[in-house]
Amino acid sequence: MPQPAIIAKLEQQLRITIAPFDAPDLKAFMRYGRKGDDNSQYFLKDGKLTGLKLRTLGLKDTSFLEERELAGLQGLYLAENDFSSLQLPGHLQQLRLLHLADNKELKTLEFAGSMPLLEEIDLSDSGIQTLQLPACPALQKLDVSRSKLEAFSFASACPALWWLDLSGNGELRKLKMPAGFKALQYLYLYKSGIQELQINGKLPKLVVLDLEGNQLKQWPEKLLLPEGLETLYLEGNPIENIPETIRGSGERHNSVEDVRQYLLSIIDEDKVEYLHQAKMILVGNGEVGKTSIRLKLLDSKATLPKKKDRTQGLDIVPYELKALSPDLTGLEDAIDFQLNIWDFGGQGKYREVQQLFFSPQSLYLFVTACDDTPEDKESYVTFDYWMSLVHALSYDREQERSSPVIHVVNKIDKERMDIDQTAHNRFGNVEEFHAISCKHLTNFEALRKAIPRVLPKVGQGIFRDQYNEDWLGVMEELQRRQGEHHITYQEYRDEVCKDRLNDGEARAWLRILDRIGTVIYFGENEKLKDWIILNPNWVKQAVFEVIDSGERNPVPQWRFEKQIWSHYSEKEREKLFELLQAYDLAYKQQNAFGEQEFVVPALLEHESPNYQDLLPQEELPLKLRFAFKPILPAGTVNKLMVRLKDYIYRGLMWKDNVVFHHPDSNAYVQVEEDWQEHFIYLSVYGKQPSVIYETVTSTLKDINNDFKNAKFLKELEFTVEGFDGEEWMKKRLLKKAGADFFNFLWEKPGIHYKEEDEKNIMDQVKELIAKNRVGDALEMLKSLVPAHLEAEVLQLISRYSKLQRDSRMGILANNDENVERNRIVSSILNLASEAERDNDHTGLSDSSDQEDETFTNVTDQTKKILFICSSPSGKNLLDFGKEFKSIGIARQLADSRDDYAEPIIKTSVEADDLLHIMTKYQPDILHISLHSSKSKGLYFENNAGQAEPISAEDFKDIIETYASDPDGKGRIETIVLSCCDSEAYGRAITNFADHIVVTKDLFPDKAAVVYAKDFYRMLFNNKDIGFAHRSATSAIKRKKYPSDGFAHPIHEIPFLIKNDDK
């Protein structure tokens, strides 16, 4: 077909060559080559110029668009150029697709008028700052993600728009959407700096709303969440009219159900009231006057307590603040506010337990006194430790700050000591400093006034959070039943909530009541989550009765029943035992007579046993220490004793000390805690200590991670130091100094590799994973990967540690645990492969940008399998790791495995990359594992990792374009669509593949894994496709999966489409 005159004219004007491109349609033309080498192309349809692509040419001048011969253009692709501004002439009214991505210098885009046919605009990764969108009634997709938008507006609604992505524009500030967005399904506003969101009208089709990382202060008035909304991200927004506990916290936390129910609950303003309660926690050393302050706040004439009346552990009382002014609260009228005072005793023996009750979004009074001196070494704690503890344990991840603190110095009537009034400046959450005398009430009124003044710093919604009468009615009922001390979650639902709150609302309300100190709810603990403490004093008393019992370890169970907890029922004692064990406060064992007994580390004696004679004495012990920051939680070594109880050597344990021995080594380690100085000390005896050292350090890491997650800490880390005989040196300096006796610090127990073995990283990693030693594989990988991959390995180690913690606590469903583990394993294999490639050895990678990656050891007869998968944010995690692994295992076990190349996996695949990947690898078998929906499409990912569905027609375009490549293989032998409801997508591509496996219903992950394992096992043993399919469905049938909720038995869901028209 002759070249259009306008193309020749543009070639001369721009001094380039513009080649024709034969594509089945315009969308295929616009998609193909996005990451290819062909930058200048045109597309003809019926002999007319329909598409123009001028990509990566450094174009700055847009005057060529004024050519009237371009009036018929429907697709314009100008990505990756250097335009500073662009104005679309009025004659480009036929445009359907406009791609301007990666124009970093582009500041403005202007339209001459309405664009009646425009369906898609891509301005992602551009420098665009201002965009005024004209009337675009046909617009379906608008992507301006990761750009520089500061101002954006719609001239009118876009009734066909189903995808809007403005994420990553940090200065957008405001978004206003007129009524009429009836088709909008995906609205991405992640980290766009939005402070005000105005949505007029309903969004009935909305599926995903991503508002994470903005500065939104008010939820749009009367915007209720549509029934079809599946995902809502609100993390990081200081929204005042939705309580933080309802919004939830944590990166990528989906809060859709809790927020939906809350918005519905407050829709009737006549039934809505404020909560106006919070927790105030008094902390400090013993005998500094915390209880005196509490008594004087309640009654200034109250008698001060005697020493014998000092708080034992914890007292909880309400304190009413009267008539707080509108100037303070921001409300229209004065209000009363209730603070629930938690007064902690300062005795050292309670310190480990007290940490359980510290919480974010509370007001802390840290109390010291003029006579508060370190004479009593056991009970005295320094100012810095107390403040570090409060700063860490009160951290609120949602507000990214710690709870406010008022620093109070009592007893100024006594002999005055030097008080450093500026010390609190080291901690940003200390709001005020007050020196008082409870005895003479000196300056006490100033303290009383400071409490309400600091109160707004507790939380964003402390005065404004509203709840309807059903929620508040549930709270009142729980308070009436406080005399029962505790109830089960089911009793709470059936007898208290009744039909007033659904399950999501009921749990959210418990979290709020726990935060303000009304109840104690162990929602994060699988064993205790069905137990609700109505009277916090009751459970406090039970735990402190153990500590105050004076018993010696081990404590027989009968002594708990007959003496310590004799006034509790058998079921209550059982739950209390679970509480002690769940928080590593005790462990259970059997004595020589088979009787149950408990070891409670908090009851250990101070006196050290004569243990040195029991340990090797050939050489002096090696000295190590772990330096913790910002704190070392008191009782950390006690928790270590509980978790490593099987390694305690001959029962050698005493206050803050224990000796461990591993049966697989000849070494022993004495561990000592100095929580005030933030150190744990290790004395290592004997030979080859790497096993026991690794056991101790990995368990300490687990304890750290558990504590961080349970208390929502921002950080809690430790570094390793060794004593070389003269000074303490950090671990890395020990290695540089050549301290050979510390070589075990770099050994990996059970992992035998040498530096020269780095060429076989993948083999070593696979071997460890096959033995279910994922942690060891990660540690080995950390030692062998190049520097630029270390951060990724450390991230995987953190994820695996969290997975182990969640698994141990029982808070993960089996399926979720398997999914996360397999994702980690898949990432490990990818990193190992990349590390090998960096050592000039061929490996497999999961990076689409690695152009040197290929199938290994293949001939023209070798068949190639390409595994495409994606699990975008906002969707449940797919178990594709296990599915892919099953294919690899089947190949390794097959007699004829050399007929097939080792499969390649590509994760997090974008729809725009699929054709590029297929063209590169030329697979014989294409296996696709994705989320899918009959009505919405196959879910690939976009650049931000979010769900981007494509229709059956778009999927067909991609496969058809691939099959039409004259330089490629053409038809694909087999396509496996391991996706839910994939029949329509398979039917659309029947002309381009010989065999297609599809599904006619939802397809469970576990069934997909079984199918893949058996299907490929048969293929690898030279069975035909039909037989392999029948064998795989039979394997599913033998599993007898329940089919409740499915339209078909599970084994009938996958079926085979054959196409003999070759």
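Just so you know, glycine gets a Cβ as well, placed from its N, Cα and C.
Summarising the annotation, Swiss-Prot assigns active site to His931, Cys980. Taken from Swiss-Prot, the feature domain 'COR' applies to 470-660. The region 'Disordered' annotation in Swiss-Prot covers 836-856. The annotation repeat 'LRR 1' is assigned in Swiss-Prot to 70-94 on the grounds of sequence analysis. Here Swiss-Prot flags 95-116 as repeat 'LRR 2'. The annotation repeat 'LRR 3' is assigned in Swiss-Prot to 115-141. Under the heading repeat 'LRR 4', Swiss-Prot lists 142-159, citing a curator's inference as support. If you look up Swiss-Prot, you'll see 160-180 marked as repeat 'LRR 5', on the strength of a curator's inference. Per Swiss-Prot, the feature repeat 'LRR 6' maps to 181-203; the stated evidence is sequence analysis. Marked as repeat 'LRR 7' by Swiss-Prot on the basis of sequence analysis: 204-226. The repeat 'LRR 8' annotation in Swiss-Prot covers 228-249.
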Conformational class of Cys980 (active site) under the three-state DSSP mapping: coil
Rounded inter-Cα distance in Å - His931 (active site), Cys980 (active site): 7
Other CB atoms, at most 10 A from the CB of His931 (active site): 20
C-beta crowding around Cys980 (active site), within 10 angstroms: 19
Residues from the same chain, set at least six apart from the ends of the repeat 'LRR 6' (181-203), whose C-beta lies under 8 A from its own: 140, 145, 149, 157-175, 209-218, 220, 223, 226, 233, 936, 944, 946-948
Counts of helix, strand and coil residues, the repeat 'LRR 4' (142-159), according to DSSP: 0 helix, 6 strand, 12 coil
For the repeat 'LRR 2' (95-116), residues assigned helix / strand / coil by DSSP: 0 helix, 7 strand, 15 coil
